[in-house]
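Peer 1: Here's a structure for you.
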């Protein structure tokens, strides 16, 4: 479904990604783990068109999407839940969700998906007229996910959904990720919470200073000594 | 249906205000001093509302608005004085040329953010002023004499048109996209909103109406000089928008009306005028840091009143 071939990404003169390649197949949850500054968010931003790779390419559903503007990529069915949630704070919950469906024209489909998002996140329904800046961190994360789902993506990119959340909320968020995946949306998940990420994912990649250093099934990685030492607390 | 009803109701209120003032003017109840103040109010409201769409709605901090006003003023003056075309044609041309100037400036500068954008727009406004200053065709520093053609009707309907267009734009899908950019540009991008396009469009619309305001202004005072359109004028407009509440259209209108009234009355005390004016600004910012209306609209307050009435 998604194929990343040997991409190099720069911020000015500084190279953030060195020849990164990875693959995501339809129906999977793939996770990308790594420390701060490894390039995880950079990779997601490149996939969704917010950054352009200097070399290499990104293929999505058989089309080259690298270098295309973000709106083309969203239209093609890939949506991005940005790091730190980034909800539109002075708009209501419902207005935020409407903006998620910004590129869609099918009114009936949008209404149906709105109901579905409220089913997945009953908290958002309770607070639909509330300004989203007044929600708790966990609720904002739910809103950011709901907003991305409103674009009806085939592939959803999630950047650190557990960031800054209480353990119970982290668990709830991961349950929802599994549910979204079970409904047929492919998920590419970037996480620092390697333990949680590996427990829901099918496959995983480990990114270190801009390079993929390990890849395999989530189970294999969970048991590998390097990952245990570096990311799971060296048990 | 409900929305269009409210729209017609506000339009009706606007026309009633217009008719009352028009009647009072023609029967001599409002003298030339006050009618001049009312026309200035209309011009300042147009400037405030046209900057509101750029700063308040789209969140692009532009502080060179007087530059577009200058373009409108001089283009319209050339149309009426040099080419001897009717005033209405001059107004339209002023809007269009200012719009083009807005696009010309907006396309390269809107890649910048925050204070960088502010400095770039300020610089462009100064460039416009200096260019006008050095063109002898329009009188250079001495300025250009212009016939008086502006009447209360021209000023009021130009203002009404500005408010209608900008408030409808804000409520549309496009307006929502602009608000998303103001709230969070990266998230807006990730939602598939073409952020560059909407920023340029907002800039163009703002410049268009600032140009029209410039045309109305030019034909109100017999003479226009480049010095009038310096950065102090830009700041005046910025103050209306910030004082009214960033993001509130009715706030911009209210602030423009109030501050025009304050500065007209203070004209009688030229020595202390700027001191009192500054004190008013400081007091408002101390007690209403989000502006007079915050992000709310006057109509929201009325809605609350209605709901309360029903519950009782």
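Placement of Cβ uses the backbone N, Cα and C atoms for every residue, glycine included.
Pulled from TrEMBL, these are the listed features:
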TRANSMEM  B:7-25  transmembrane segment
TRANSMEM  B:37-55  transmembrane segment
TRANSMEM  B:62-81  transmembrane segment
TRANSMEM  B:87-107  transmembrane segment
TRANSMEM  B:114-132  transmembrane segment
TRANSMEM  B:152-170  transmembrane segment
TRANSMEM  B:200-225  transmembrane segment
TRANSMEM  B:237-262  transmembrane segment
TRANSMEM  B:274-290  transmembrane segment
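Relative to the rest of the structure, where do these features sit?
Peer 2: For the transmembrane segment (B:87-107), the residues of the chain that approach it from at least six positions outside its boundaries are 64, 67-69, 71-73, 75-77, 79-80, 121, 124, 128, 149, 154, 158, 199-200, 203-212, 214-216, 219, judged by C-beta separation under 8 angstroms.
With a cut-off of 8 Å between Cβ atoms, the residues of this chain six or more beyond the transmembrane segment (B:274-290) that come close are 239, 243, 245-246, 259, 262-263, 266.
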Peer 1: Sort out the residues at least 6 away from either end of the transmembrane segment (B:37-55), same chain, that have Cβ-Cβ distances under 8 Å to it, and list them.
Peer 2: 21, 30, 61-62, 65, 68-69, 150, 152, 155-156, 158-159, 162-163, 166, 169-170, 178, 202-203, 205-210, 212-213, 216-217, 220, 236-238, 240-241, 244, 246, 248-249, 252-253, 255-257, 259-261, 264
Peer 1: Among B:62-81, B:114-132, B:200-225, B:237-262, point out the range having the most Cβ pairs under 8 angstroms from the transmembrane segment (B:152-170).
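Peer 2: It is B:200-225, which has the most Cβ pairs under 8 Å.
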Peer 1: Within this structure, do the transmembrane segment (B:62-81) and the transmembrane segment (B:114-132) have 3 or more Cβ pairs under 8 angstroms, counting pairs 6 or more apart in sequence?
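Peer 2: Yes, the stretches contact each other.
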Peer 1: Most CB pairs under 8 Å with the transmembrane segment (B:200-225): which of B:7-25, B:62-81, B:237-262?
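Peer 2: Looking only at B:7-25, B:62-81, B:237-262, the most contacts with the transmembrane segment (B:200-225) come from B:62-81.
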Peer 1: Cβ under 8 Å to the transmembrane segment (B:237-262), counting only same-chain residues 6 or more beyond its ends: which ones?
Peer 2: 37, 40-41, 44-45, 47-49, 51-52, 55-57, 63, 65-66, 163, 166-167, 170, 179, 182, 276-277, 280-281, 284-285, 288, 290-299
